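To keep things clear, I will list the structure first and then write my remarks on it.
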Ligand code: AMP
């Protein structure tokens, strides 16, 4: 099995890299952010609960996201493994994940961390544009669509997520530093953590991550 956690500050490219890793290794990418955004747009009970927290850049309550993960990794497509993108986000979630995996008899093979400075994160998140229809992510500097404002994949309209706006970005970074950064030590102590710099080209970062997965799983 290849059971992988991908860590890193918001905007570092976790979504892009985990989608590429998912294709490369034939295991699903599980993004709690994507699942929650879908619930918000479908106006489900969970979506209604999550919306306020997400728009403020705060973490959705632990029991909601833990429930999502517990449910999702039961699916057959997780038999060969999975990539968790955006979960866990704090130590309590990490401890709950350990319990869920233990109960299922699954190992956690490797925790990949993509590192980036705070300034870099602000530059990246501020330029991010997402497709209203399919969620594909573009960037005004790093990944421009062929036609401005239009998704290459499905022709949908591109927009700036409310939580990618400047004032929310600062809040998200504070949340990251306070809640998520302690996971680096948590997984270092477990001997699971492997880090790469988020500075280079998407392809370079991807090839470093693949190497680590091949060595570590
Ligand atoms: P993301 O797309 O991973 O940046 O997630 C977008 C938003 O969804 C976050 O700012 C949180 O409000 C919420 N979210 C995603 N994953 C989690 C999680 N594991 N725990 C709590 N909230 C989450």
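Cβ coordinates come from backbone N, Cα and C, glycine included.
Predicted, not measured: the structure shown is a model, and the values here were computed from it.
Site annotation (TrEMBL): ATP is bound by 11, 12, 13, 14, 15, 16, 137, 138, 200, and the candidate from 24, 37, 128 recorded at this site is 128.
Residue ranges 31-60, 61-90 are listed, and TrEMBL annotates 31-60 among them as region 'NMP'. In the record from TrEMBL, residues 32, 37, 58, 59, 60, 86, 87, 88, 89, 93, 161 bind AMP; the candidate from 143, 172 listed for the same site is 172.
Each residue contributes its Cα atom, and for residue 134 (Zn(2+) binding site) and residue 128 (ATP binding site) these two points are 15 Å apart. Residue 128 (ATP binding site) and residue 161 (AMP binding site) have their C-alpha atoms 8 Å apart, to the nearest angstrom.
In the three-state DSSP assignment, the secondary structure recorded for residue 15 (ATP binding site) is helix.
Here the region 'NMP' (31-60) has long-range neighbours at 15, 18, 68-69, 72, 84-87, 89-90, 135, 162-163, 168-169, 171-172, 175, 179, meaning same-chain residues at least 6 beyond its ends whose C-beta is under 8 angstroms from one of its own.
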